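Engineer: Would you mind keeping the following structure in view while I ask a few things?
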Amino acid sequence: MRPSRRQPDEMRAISFERGVSKHAEGSCLVRFGDTHVLCTASLEEKVPAWLRNSGKGWVTAEYGMLPRSTGERMRREAASGKQGGRTLEIQRLVGRSLRSVIDLEALGEMQITVDCDVLQADGGTRTAAITGGFVALHDCLSWMQARQMVTVERVLKDHVAAISCGIYDGTPVLDLDYAEDSAAETDANFVMTGKGGIVEIQGTAEGAPFTEEEFHELLRLARKGIFRLVELQKMAVS
């Protein structure tokens with residue numbers, strides 16, 4: 001039995017609250033159960049120096065956790081003068097995931113930065129950041145389309161979402177919360193498109209190695225969860 005009493009293939013309650021920032025071109029507060037992430041998408045009408053005069057745009061991401069997003073207060077990374085390795089890894093993952101469904105040439109020489117700030121953490125913050133970050137990115141593109149800067153259908157090739165899976169107490173399960181993640185024998189994150197294309201898989205055996213059969217079961221669970229997340233994204237942005 002999972003600590004949350006969910007079925008192995010049951011996700012937490014998922015919600016998207018759009019338009020939570022009056023300043024950002026796109027914004028979304030995404031909730032995966034008790035994990036809450038604020039995602040804002042900001043437009044800059046310029047690109048990094050290495051993309052100037054290329055005709056291509058850029059989508060990037062930044063990620064951070066508020067000091068009291070966890071059970072005990074975390075020191076702000078700004079106070080230590082540098083970002084931690086985990087932070088850098090996650091924000092690069094979010095950026096790669098969002099770029100996988102963007103036509104950078106159709107975007108033109110503009111940059112969109114998606115900021116993902118964890119307000120409350122209970123496992124799966126990176127997957128929530130990707131899934132909610134897409135909604136914020138979509139709304140930013142819609143804002144641009146309303147001003148005749150882009151056409152959303154040309155820039156946006158597909159949806160993208162992410163979910164965690166793992167083996168808990170010998171059973172493959174979907175969408176781990178912190179209690180499950182901290183005790184899981186295997187922990188994995190899957191990023192996939194709405195059409196089922198695989199963008200990235202991160203998997204680690206925390207205890208004994210997992211088998212190929214167990215991996216395929218985790219992939220099956222992830223695909224089911226991501227297709228549901230994409231349905232919820234489409235409902236949110238419609």
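From the backbone N, Cα and C atoms, a Cβ is placed for every residue, glycine too.
Heads up, here are the entries from Swiss-Prot:
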- ARG86, GLY124, THR125, ARG126: phosphate binding site (BINDING)
Engineer: For GLY124 (phosphate binding site), what is the tally of other C-beta atoms lying within 10 angstroms of its C-beta?
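Structural biologist: Its Cβ shell of radius 10 Å holds 25 other Cβ atoms.
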Engineer: Including all protein chains displayed, how many Cβ atoms other than that of ARG86 (phosphate binding site) lie within 10 Å of its Cβ?
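Structural biologist: The answer is 11 other Cβ atoms.
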Engineer: Mind giving me a neighbour count for ARG126 (phosphate binding site)? Other Cβ atoms within 10 Å of its Cβ, every protein chain shown.
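Structural biologist: The answer is 23.
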Engineer: Cβ within 8 Å of the phosphate site centroid (ARG86, GLY124, THR125, ARG126 excluded): which residues?
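Structural biologist: Going along the sequence, the neighbours come out as TYR63, ILE90, VAL118, ALA121, GLY123, THR127, ALA128, ALA129.
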Engineer: What are the non-local neighbours of THR125 (phosphate binding site), defined as same-chain residues 6+ apart in sequence with CB under 8 A from its CB?
Structural biologist: THR35, VAL37, MET65, ILE90, VAL118
